[in-house]
Amino acid sequence: MLPINNNFSLPQNSFYNTISGTYADYFSAWDKWEKQALPGEERDEAVSRLKECLINNSDELRLDRLNLSSLPDNLPAQITLLNVSYNQLTNLPELPVTLKKLYSASNKLSELPVLPPALESLQVQHNELENLPALPDSLLTMNISYNEIVSLPSLPLALKNLRATRNFLTELPAFSEGNNPVVREYFFDRNQISHIPESILNLRNECSIHISDNPLSSHALQALQRLTSSPDYHGPRIYFSMSDGQQNTLHRPLADAVTAWFPENKQSDVSQIWHAFEHEEHANTFSAFLDRLSDTVSARNTSGFREQVAAWLEKLSASAELRQQSFAVAADATESCEDRVALTWNNLRKTLLVHQASEGLFDNDTGALLSLGREMFRLEILEDIARDKVRTLHFVDEIEVYLAFQTMLAEKLQLSTAVKEMRFYGVSGVTANDLRTAEAMVRSREENEFTDWFSLWGPWHAVLKRTEADRWALAEEQKYEMLENEYPQRVADRLKASGLSGDADAEREAGAQVMRETEQQIYRQLTDEVLALRLSENGSQLHHS
């Protein structure tokens, strides 16, 4: 940092000639502001940066993370970027007309000053804003998430990206597009929006609107689904959810939520065990998840479901690692609709089985381990298929798409971890033809890719380390010999062939590819060897439908 000196000799150029008369005024005002610092404020550091910015004619001023409660009224007039995020600011002074980027996230702002006419980026998330001033026509990106905003001003035609998640918006702004070629992505998730204006259809089909977790009426949902399903539809892609946006944030004690799944004669002992986990990370959201799980169609209609959940909870109580993993998986499950809870339950059952495999449950049952691996492989392929399907839909709840493929193909693909019923299949956009195509694709890819996938699967490696220590050690030795002797030349050859020699990013990518190919070769050879031995002993088969 340059030394600050009030006797600094100003160069003879146009800028400094302009400010020479006010140079002392800036310093005097800033020094006075510094002396008014509250305990904990780093105003001395802020003033040092202000003076350096002025002396150097810098176009950027960064005063973030200094615990400031206010800013001086006279900011350097030449700046184009101002970063004052992560302070304690309740208001901002008049902003320089030259400003193009304003970062003031995570403060306590209740209002904003008049915005500069050339502003391009406004980042004021995590404040206490209730409204916004008029937005300049130049604005390209804006993040106002996590505020208390009830309505929005007119949106500039230039605006490409808007994030307004978690506010109190009751309606969307009017959308006008015309011949404007801008590709837009707007996020209005988790507000209080109950209807969608017809002007949303003015947006181009390359645009995306996110309105998940809002109390949209069933009439609004049906109307949108009807419009966006039309062959003539050319409007934006709309991401929604079947959630009403009104999930209860209250939760009961974890032990109470757990014991509700057990018979009365076991509840006292179970409660005592789970009381010890009340303060673990995500315990509160896990409690809420268990209560929501009890209200799913699977819980109501599936025989033995309560016993299945109770047995799973017993396993969680006995393993801190599994419990930690499961709490994390369930962390966001209650922020959306019932089918989000059902999909999370699927993922929790996968987590349990993979954990058990890694811990040795299938060390002596290779056939069962192969069956589990095959199920995990099929689920991965279904996720790929669901992801591709989402891209084709104009009005989409992603949760419903992912769950639809798992639920509707659970029996045909022998998916033991998938629920057999879901509530909102009708809005998923997944057709009978989609399901037939997905089943065929899963079986085709399984036939051609499963053994390679299985040879790289973490739980299989854990089994090999425990039960085939000598073979595993030999495979590791072969891998590192190959990497030491062949890796550099193979990477160099790949870069030369693509004309990217000397490109650091390309070298990293090529290195990762060579590493994966090496591991694939070594571990596939080891897998074939071990499976041939084990499957011949017990009569199991590697391939089956």
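Positions of Cβ are set from backbone N, Cα and C atoms, glycine also.
Swiss-Prot lists 1-242 with the feature region 'Interaction with target proteins', giving similarity to another entry as the kind of evidence.
Look at Swiss-Prot and you will find 57-77 tagged as repeat 'LRR 1'. Within its own chain, the repeat 'LRR 1' (57-77) has Cβ neighbours under 8 Å at 15-16, 19, 25-26, 29-30, 33, 38, 40-43, 45-46, 49-50, 83-98, 103, counting only residues six or more beyond its boundaries.
Summed and averaged per residue, pLDDT over the repeat 'LRR 2' (78-99) gives 96. Taken from Swiss-Prot, the feature repeat 'LRR 2' applies to 78-99.
As annotated by Swiss-Prot, repeat 'LRR 3' applies to 100-117.
With a threshold of 8 Å between CB atoms, the same-chain residues lying at least 6 positions outside the repeat 'LRR 4' (118-139) that come near it are 85, 97-112, 145-159, 163. Look at Swiss-Prot and you will find 118-139 tagged as repeat 'LRR 4'.
According to Swiss-Prot, the feature repeat 'LRR 5' maps to 140-157. Long-range contacts of the repeat 'LRR 5' (140-157) within its own chain (CB-CB distance under 8 A, at least 6 residues past either end) are made by residues 105, 120-134, 163-171, 173-176, 180, 182, 187.
Same-chain residues lying 6+ beyond the ends of the repeat 'LRR 6' (158-179) with a Cβ under 8 Å from its Cβ atoms: 125, 135, 137-152, 185-197, 199-200, 202-204, 210-211. What Swiss-Prot lists as repeat 'LRR 6' is 158-179.
Under DSSP, the residues of the repeat 'LRR 7' (182-203) split into helix, strand and coil as follows: 5 helix, 3 strand, 14 coil. The feature repeat 'LRR 7' is assigned by Swiss-Prot to 182-203.
Marked as repeat 'LRR 8' by Swiss-Prot: 205-228.
Sequence annotations record features per position, and here Swiss-Prot assigns region 'Linker' to 243-250.
What Swiss-Prot records for 251-545 is region 'E3 ubiquitin-protein ligase catalytic domain', and it gives similarity to another entry as the kind of evidence.
The annotation domain 'NEL' is assigned in Swiss-Prot to 253-545 on the grounds of sequence analysis.
Residues or ranges marked as active site, glycyl thioester intermediate in Swiss-Prot: C337.
Across the repeat 'LRR 8' (205-228), the DSSP tally of helix, strand and coil residues reads 11 helix, 3 strand, 10 coil. Outside the repeat 'LRR 3' (100-117) by six or more residues, the chain places 64, 80-94, 123-139, 143 with a CB less than 8 A from a CB of the stretch. Counted with DSSP, the repeat 'LRR 2' (78-99) comes out as 0 helix, 3 strand, 19 coil.
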